[in-house]
Amino acid sequence: MKNAVSNTMALWFFLVFSLHCAVTRCHALSDNILVVGATGTTGLRAIQGLLDVGYKPHQLFILTRNASRTHMKQLKKLGFCLIQADLQRPSSLVAMHQDVTSIVYNSAAAAKDHGVKRIQQKHDVESILMHHSKYPRHVTCLRANLFMEELWKRYTRPQILKGEYPLPVNRWRKLYLTSVRDMGRLAGTVVARESAFKQDARSKSTRIVNVAGDLLSGPQIARAFGKAQGFPCRHVNNRELTKFAKENFPELYEQIHFIQTSPEKTNIRTLKKEFPGLITSFKEFLDETKWGNVDLEFDDLSKPESLDVPDNM
Ligand SMILES: *[C@@H]1O[C@H](CO)[C@@H](O)[C@H](O)[C@H]1NC(C)=O
């Protein structure tokens with residue numbers, strides 16, 4: 001029950017540090033990037049986004065708790081650099097601190113009085129990164145909305161493939177949807193721009209950007225699923241879930257209430273202008289991820305071996 005709605009929240013931890021690279025001559029993009037919190041199926045989509053905008057595997061340093069995992073070994077084989085470290089004991093990160101020139105942090109789009117603990121944690125980190133002088137000059141917080149990738153999960157996709165999309169909101173309420181791959185693309189673009197412009201060394205620049213590729217209601221999302229899978233899907237506002245959560249799971253209810261009422265807006269048009277060709281609509285996402293292939297499961301959404309890695313020089 002609890003899982004049925006956590007899919008609606010974009011609460012995934014993802015940090016991109018740009019590490020200044022001593023050898024800059026041979027690459028179009030001169031910086032190395034340290035990627036934190038992106039080793040799972042969803043995280044790999046962000047890594048694909050970094051590849052999309054021109055980063056090469058050897059420029060991407062991926063932080064992992066366990067470099068012996070099969071996934072990690074495969075990434076290493078593809079040329080990615082692995083850094084084994086535990087965020088609970090961040091001494092290895094502290095050592096790299098000097099070289100970090102910018103940070104991109106994955107946060108969540110929400111107005112000030114959102115009332116969701118998990119979003120608050122993200123905004124607290126954001127605030128520390130943005131206001132503490134100890135942290136690098138360039139800090140960009142990309143605030144995601146609902147991740148499209150979450151809809152692939154085991155507690156959502158099978159039901160949608162049976163023709164029902166349960167979402168505890170009324171039929172008029174529209175939700176912003178964000179592709180994780182776009183988060184990687186934007187993170188990479190931001191880092192590359194900052195390093196290209198070499199802004200004034202003394203001043204700190206910080207920015208918050210809301211990210212989404214579409215704004216759709218439950219019935220519109222269901223219709224898109226129907227088109228992609230070739231048979232109809234309808235939106236169901238599961239009111240019992242709202243009621244059940246209200247009585248039994250306060251934290252879950254916080255989240256449901258949030259998606260039902262949040263007044264936060266994301267300007268998709270402006271975003272597309274600033275990042276041309278890098279923002280994915282929901283339909284494009286469904287096509288790109290082959291939603292209509294009923295044999296595919298969440299784990300198939302992204303795997304090291306199916307990453308689209310550009311040819312190395
Ligand atoms: C790391 O992953 C390997 C392979 O899956 C596993 O055998 C090992 O127990 C893991 N180590 C830790 C500390 O989790």
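Cβ coordinates are placed from backbone N, Cα and C, and glycine is handled just like the others.
Feature annotation from TrEMBL assigns signal peptide to 1-28. Per TrEMBL, domain 'NmrA-like' is recorded for 31-107.
Applying DSSP to the domain 'NmrA-like' (31-107) sorts its residues as follows: 32 helix, 24 strand, 21 coil. Averaged across the domain 'NmrA-like' (31-107), the predicted model reaches a pLDDT of 85.
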